[in-house]
Amino acid sequence: MAPVAFPTSFFLCLLLASGLAQAGRLLVVPMDGSHWFTMQMVVEKLIHRGHEVVVVIPEVSWQLGKSLNCTVKTYSISHTLEDLDREFKYLSYTQWKTPEHSIRSFLTGSARGFFELTFSHCRSLFNDKKLVEYLKQRFFDAVFLDPFDVCGLIVAKYFSLPSVIFARGVFCDYLEEGAQCPSLPSYVPRLFSKYTDTMTFKERVWNHLIYIEEHAFCSYFLRTAVEVASEILQTPVTMTDLFSPVSIWLLRTDFVLEFPRPVMPNMVFIGGINCLQKKSLSKEFEAYVNASGEHGIVVFSLGSMVSEIPEKKAMEIAEALGRIPQTVLWRYTGTRPSNLAKNTILVKWLPQNDLLGHPKTRAFITHSGSHGIYEGICNGVPMVMMPLFGDQMDNAKRMETRGAGVTLNVLEMTADDLENALKTVINNKSYKENIMRLSSLHKDRPIEPLDLAVFWVEYVMRHKGAPHLRPAAHDLTWYQYHSLDVIGFLLAIVLTVVFIVFKCCAYGCRKCFGGKGRVKKSHKSKTH
């Protein structure tokens, strides 16, 4: 009789169930905005699994802490929601006027004011002595944090707790420094570079210059964060000091999107964690889709950041959308373009993932944020990408390189450009085939990204960190890391040996040839 083959899912269930009997205490320090959407999914799953979760947030925020069935602790801050909105709108407005396509222009430009506000939150948190005392007495097992505003890193170091980072990536070189992960500019493209992993000589030169630029300007950009951290911890620290103790890096990407590169054992890839199971559409959106006929629909969203587009650009977009036979569902809260065609429907919100999963969806117009990109990949929808800032240009380049979409410069494009791009991804079958191949690769995995994230958070809670995954490179000096002392020592030995051999040869030559010359010379003098 053949042995019974247990399904893989059975073992995965055992894997995830292993932590149920060891419910722990988790401190969560999140970042506001779209970052919270996916982090919240992990937090809710951990609550469902019986853990005691405490979320610490400022009293003024857009999305944080809403509808959570756990303890939420707030602290007062010096600015209002209007201040936050103003800085964010300025950041958005700037991208439509003077695009910041370099790490220097972005970090020292429109983003600086917004991040100055978020960096100041941590000072307000630690000024609340009752809250700090409460957190100290809870004896948490770990901190689950978003590193974008740095406060979670400071909290973890202050309370000496193991930490789990949840992020798409990290600005500057702090992923490489914090995880001690090699990132050679010869084939690993830097953020904002828009390069692939196959670079020309000129591109490799520029990639190295971007790397140098990061080192030059990131310290200026993060100056306030470092000052706040040093003040709270009562000792001078650097950003590397804050990132180095991290136990696990949960990175919202994978190698379906990213180019292959070295990784470390404490880096876990959970790309597509935001791809939820498709739900049935509401009657309103079902009616829109059904009315589209054989041509289907196009989903258009530039994310939560873009609430309004300059009038001239909005009219160009509306003109292009009116030229295609598909029905366009456009998520937009700005002023309605006067030339909006009948096939274009403006909505303030749309169920993006559910619409992308509908068989009648033909294309996805996106700003190339990682959430939208992965929803496009999961549902196999070719994309027209309009990146504006941050990692969006790099995300778009990666999808374009894989033949799954077309990238447009949203500031320079015309109505003809958008029309042609849409017709290309809809009518050229190769784009649909390529995105379906990426979707198949992405879904072929032994465990869902959400379950994987939950497992590693619980792992750190159970074992009070993951020191066995921490490379010894953290404890080396810069010259030891690059083996400059070893190279210098070996070079000194080689030079010493060469010097000795040279001296021996010179001495031998003098003995062999110098002696004969003197003998001959003395013989001639005697003859005379």
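Just so it is clear, glycine is given a Cβ too, placed from its N, Cα and C backbone atoms.
Record features (Swiss-Prot):
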SIGNAL    1-23  signal peptide
CARBOHYD  Asn69  N-linked glycosylation site
MOD_RES   Lys97  N6-succinyllysine
CARBOHYD  Asn290  N-linked glycosylation site
CARBOHYD  Asn428  N-linked glycosylation site
TRANSMEM  486-506  transmembrane segment
Legend entry - Cβ atoms near Asn290 (N-linked glycosylation site) (within 10 Å, other residues, all chains): 12
Inset, instruction - Determine the most Cβ-crowded residue among the glycosylation sites Asn69, Asn428, using a 10 Å radius around each Cβ and all protein chains in the structure. - result: Asn428
Legend entry - Chain-internal residues near Lys97 (N6-succinyllysine), provided their CB is under 8 angstroms and they sit 6+ positions away: none
Inset, instruction - List the Cα distance (Å, whole number) between Asn290 (N-linked glycosylation site) and Asn428 (N-linked glycosylation site). - result: 24
Legend entry - Assigned conformation of Asn290 (N-linked glycosylation site) - DSSP reduced to three states: helix
Inset, instruction - Reduce the DSSP letter at Asn69 (N-linked glycosylation site) to three states and note it down. - result: coil
Inset, instruction - Please report how many Å separate the Cα atom of Asn69 (N-linked glycosylation site) from that of Asn428 (N-linked glycosylation site), as a whole number. - result: 47
Legend entry - DSSP state at Lys97 (N6-succinyllysine), helix/strand/coil: helix
